[in-house]
Amino acid sequence: MMQDRITHEQSDRGILANFSIPIPQMYQFLQRAERLYRVDAPFHNSIHATDVLHTMDKLFCFNDLQSMFSDLEVFSTLFACIIHDIDHPAVTNQYLINTRPTAADCWKYKTHSSRYAAAEVRFLKGTVVICSEDNELAILYNDKSVLENHHLYIGFDLLHSEPQVDITKHFTTMQRQLFRKIVISLVLATDMSKHMTLLADLKTMVESQRASGFNEIKLDTLAVRIQILECLVHAADLSNPTKPLNIYRQWVERITEELFQQGDREREAGLEISPMCDRHTSCVPSSQ
């Protein structure tokens, strides 16, 4: 599924060839990435990642937007879409912060080197069981964009796990540094707590360019191009309402069930139930 989405389109545009990435190697990477998405996460699974990837590709096609960016910037953006929710535990950042272990709980520190084991998630009554390693993520990332930092770790670690899946192995040192810089910026920008800041910064940038006499946004610096790409990936991540109604309804059902499952865990643990997570009181239409 994910394999077909990127290999056909980027192969046709020559991007894979430009970076000496054989299609079979790209397939191997995508298959490994897809397996690291948790299959029983109702919303944050490989289907969502593929949808974001497809939407981002269509945004690049709109008015030939892709031509305004370098091949490396385009490739980095699509890579960010692929990994932006990899190994998502189907709970929010705030849940992980609220349930992080205390010092007394952490009688021994578990390193982050066994994150792949956490991807082999256990299930109970059809809901995702949060592993102890998941609850330690907030400690590891100091409560800052916990999930987004985790997705970045898993995504980059996958690249270096085996030579046959390192699709960046022919990059120059400079290309590798820029690739990492762009991917980190774009994935961190998917943190919903940054939504209003992202919009405010975009408005400021547009108004600044208009004040300078430009009728269109000038993508003449790397910082501006990354800022626009952050907004585009964020838009693709939130694009469910733009899809045909029958598809949109399926996404609503998926995210609602995922939130309700989190609320069930919060209720069972005696925690305050997060907004939109109480299946007994939440009104789905008003949440849209």
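Placed from the backbone N, Cα and C atoms, the Cβ positions cover glycine too.
Automatic, uncurated: that is what TrEMBL annotation is.
TrEMBL annotations:
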- 1-288: domain 'PDEase' (DOMAIN)
- His44: active site, proton donor (ACT_SITE)
- His44, Asn45, Ser46, Ile47, His48, Asp85, Asp237, Gln288: AMP binding site (BINDING)
- Asp85: Zn(2+) 2 binding site (BINDING)
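Other Cβ atoms within 10 Å of the Cβ of the residue listed as 'active site, proton donor' number 24 in total over all chains. The binding-site residues listed here are Asn45, Ser46; among them, Ser46 has the most other Cβ atoms within 10 Å of its own Cβ.
Taken together, the residues in the domain 'PDEase' (1-288) have a mean pLDDT of 88 on the 0 to 100 scale. For the binding-site residues Asp85, Asp237, counting C-beta atoms within 10 A of each C-beta gives the highest total at Asp85. When secondary structure is read from DSSP and collapsed to three states, Asn45 (AMP binding site) falls in the coil class. DSSP assigns Asp85 (AMP binding site) to coil, not to a helix or a strand.
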